[in-house]
Amino acid sequence: MDAILNYRPEGSEDYYTLLGCDELSSVEQILAEFKVRALECHPDKHPENSKAVETFQKLQKAKEILSNAESRARYDHWRRSQMSMSFEQWEALADSVKTSMHWAVRSKKDLMLEGSEQTYTNTAQNKERSEQRETKQGDPDSTPEKMMQKESESPEKGISPQNPDSPGLSDWNCGHLHFRWSGDTPSELLRKFRNYEI
């Protein structure tokens with residue numbers, strides 16, 4: 001218990017910072033950063049530095065954890081939970097801590113750029129819209145007068161809004177009627193219903 005209360009996070013436990021990556025980095029980016037860092041601090045290049053071996057081992061451990069999807073998910077879960085214990089302790093306690101702390105985990109940070117799939121669909125939709133506009137602009141029948149003639153020749157031509165007895169008026173207008181319940185005067189039936197008389 002004292003170890004948890006007196007825990008101070010070390011910089012070497014943040015594997016993303018150690019490798020110079022971000023939480024959203026791909027495995028390829030992580031491996032590329034590992035290669036750069038490993039070349040800088042390889043023990044063979046610095047035989048006089050006693051910490052070179054330790055640093056290189058930390059880099060290898062960070063690469064192994066972050067390049068494996070399952071261990072990376074566990075590491076991200078531990079990192080976002082901000083638990084007062086090392087990642088090794090977290091792994092040793094396995095499910096007991098994770099079960100009781102499922103609510104305390106922060107969510108993954110948002111992407112700064114949209115996904116390529118989403119961008120592609122938006123671009124395709126915009127192309128279709130612009131093509132439709134060009135077709136309408138190039139169409140000689142797209143003038144307002146011609147459009148009115150086409151509408152009058154449509155199946156609803158027998159229906160006129162001025163003639164309420166014409167067949168199909170209710171069908172034609174059903175999507176266009178907007179009721180304002182607050183402005184309507186309550187009927188006797190509604191009054192009885194509200195007063196529990198029905």
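Each residue, glycine too, has its Cβ placed from N, Cα and C.
Summarising the annotation, Swiss-Prot assigns N-acetylmethionine to Met1.
The domain 'J' annotation in Swiss-Prot covers 14-79 and is backed by sequence analysis.
The feature region 'Disordered' is assigned by Swiss-Prot to 121-183.
The compositional bias 'Basic and acidic residues' feature in Swiss-Prot is assigned to 126-156.
Look at Swiss-Prot and you will find Ser160 (among others) tagged as phosphoserine, backed by similarity to another entry.
Per Swiss-Prot, the feature phosphoserine maps to Ser166 (among others); the stated evidence is similarity to another entry.
According to Swiss-Prot, the feature phosphoserine maps to Ser182 (among others).
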Model confidence over the domain 'J' (14-79), as mean pLDDT, sits at 88
DSSP composition of the domain 'J' (14-79), residue counts helix/strand/coil, works out to 47 helix, 0 strand, 19 coil
